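Undergrad: Here Swiss-Prot flags H15, D166, A167, K168, R234, F235, D243, R249, K250, A266, K270 as ATP binding site, drawing on sequence analysis. Residues or ranges marked as Mg(2+) binding site in Swiss-Prot: D17. Per Swiss-Prot, K(+) binding site is recorded for E43. For E56, Q99, D243, K274, the entry in Swiss-Prot reads L-methionine binding site, with the evidence type sequence analysis. Per Swiss-Prot, region 'Flexible loop' is recorded for 99-109, and the stated evidence type is sequence analysis.
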Amino acid sequence: MSEYLFTSESVSEGHPDKVADQISDAILDAILREDKHARVAAETLVNTGLVVLAGEITTTANVDYIKIARETIKRIGYDDSELGFDFRGCAVMACYDKQSPDIAQGVNEGEGLDLNQGAGDQGLMFGYACDETPTLMPFPIYYAHRLVQRQAELRKDGRLPWLRPDAKSQITCVYDAATGLPKRIDTVVLSTQHSPDIDHKTLSEAVIEDIVKPVLPPEMITPETKFLINPTGRFVIGGPMGDCGLTGRKIIVDTYGGAAPHGGGAFSGKDPSKVDRSAAYAGRYVAKNIVAAGLARQCQIQVSYAIGVAEPTSIAVDTFGTNKIPNEKIVELVKKHFDLRPKGIIQMLDLLRPIYGKTAAYGHFGREEPEFSWERTDKVEALRADAGL
């Protein structure tokens, strides 16, 4: 029987790029609490002892950006100079500009050539869903996220007191080529920052027993499964001291772990007038409902936009041969049941809420949090009825 391997990775909330993402989204949420129609493109850089806040923000909100950055760093767990990064001692610089009026006139309703709310930029976005896990996400990325979430949980509750905030996970699965479904886990990689007083053997055993085994389905682990725990042997220096972190540099971790294409636009720090974020969320919503409705076992949707224009320039669906009805019919159903204009997406998914901080670590998709409206499957009955299923 033919098999193939596929790998996805995740990173913890203490990874420097994720620190940057979380600061950007914390600032976005703080602004949306006071001004839900603000235009926000908040970028963050973190390095040893330094945080730089830059980008474009147009708002009536009165927000203490520097305070929010420090509070976010503290919540993540960088609260001691021994960790190489400390919310108290790091320098924070805020250098925001306002949104360009040339862009604003294309996005604001009643302005520009298209009087509807236009897209904030050109671009292409993808949504994806499959039946590999209960949340209709690919197996490797779903469980890679759960591993680093578990690492953070055990770090914060003190069960493994030598854990530090920075961590990465990676899962390689063996897939059945005939069914396209995962059969077993081939390799698990977990690297976690740690205090200098823990030896590698003790750390490795604890990580496998307390982090890896409670998370991964036991039926997917075989005697041949390889566990690579801190394979360099030491990971004391980490976080922003180990690497410079930037907003938007973990776009594959944020989405489908490489199982679906990515249009290239990052999410964190962007208000929902930016289709990089809102249309990617809508794409997930569409794809998940199509799979949940049984129209296909796998669904990938691409949407594209032109700056200042409300209607998408294209909508394409690929079901990889798993469809129960023709793809052309699925595209018709998408156009009928989902409003993919920027304003339509914002209303459909209620995106003007301060809900983005929670998205900034452990994946934007496949987490059935109450705020994550794009994970709802409330279009299933309508889709099935129109599809004749």
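Each Cβ is built from the backbone N, Cα and C atoms, and glycine gets one as well.
Note that the structure is predicted; figures quoted are calculated from it, not measured.
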Undergrad: Count the other Cβ atoms sitting within 10 Å of the Cβ of H15 (ATP binding site), across every protein chain shown.
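TA: Other Cβ atoms found within 10 Å: 28.
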Undergrad: Output, ordered by sequence, the same-chain residues six or more apart from Q99 (L-methionine binding site) with a CB under 8 Å from its CB, or 'none'.
TA: R39, A41, E56, I57, T58
Undergrad: At the level of the C-alpha atoms, what whole-angstrom distance separates D17 (Mg(2+) binding site) and K270 (ATP binding site)?
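TA: Just about 16 Å between their Cα atoms.
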Undergrad: Rounded to the nearest angstrom, how far is the Cα of K274 (L-methionine binding site) from the Cα of R234 (ATP binding site)?
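TA: A Cα-Cα distance of 41 Å.
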Undergrad: List only the single closest residue to E43 (K(+) binding site), chosen from the binding-site residues H15, D243, K270, K274 by CA-CA distance.
TA: K270
Undergrad: Would you count the other CB atoms within 10 A of the CB of R234 (ATP binding site), including those on all shown protein chains?
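TA: A count of 10.
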Undergrad: Please state how far apart, in Å and to a whole number, the two most distant Cα atoms are among E56, Q99, D243, K274, the recorded L-methionine-binding residues.
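TA: Between the most distant Cα atoms of the L-methionine site, 30 Å.
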Undergrad: Nearest to K274 (L-methionine binding site) by Cα, among A167, D243, K250 (binding-site residues)?
TA: K250
Undergrad: Including all protein chains displayed, how many Cβ atoms other than that of K274 (L-methionine binding site) lie within 10 Å of its Cβ?
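TA: Summing over all protein chains shown, K274 (L-methionine binding site) has 23 other Cβ atoms within 10 Å.
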Undergrad: What same-chain residues, at least 6 away in sequence, bring their CB to under 8 Å of the CB of A167 (ATP binding site)?
TA: V11, S12, G14, H15, V148, Q151, A152, L190, S191, T192, Q193
Undergrad: Counting other Cβ atoms within 10 Å of each residue's Cβ, which of the binding-site residues E43, E56 comes out lowest?
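TA: Lowest Cβ count within 10 Å among the binding-site residues (E43, E56) is E56.
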Undergrad: Per-residue pLDDT averaged over the region 'Flexible loop' (99-109) comes to what?
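TA: Over the region 'Flexible loop' (99-109), the predicted model scores a mean pLDDT of 66.
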Undergrad: Per the record, ATP is bound by H15, D166, A167, K168, R234, F235, D243, R249, K250, A266, K270: how many Å separate the farthest pair of Cα atoms?
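TA: The ATP-binding residues span at most 36 Å between Cα atoms.
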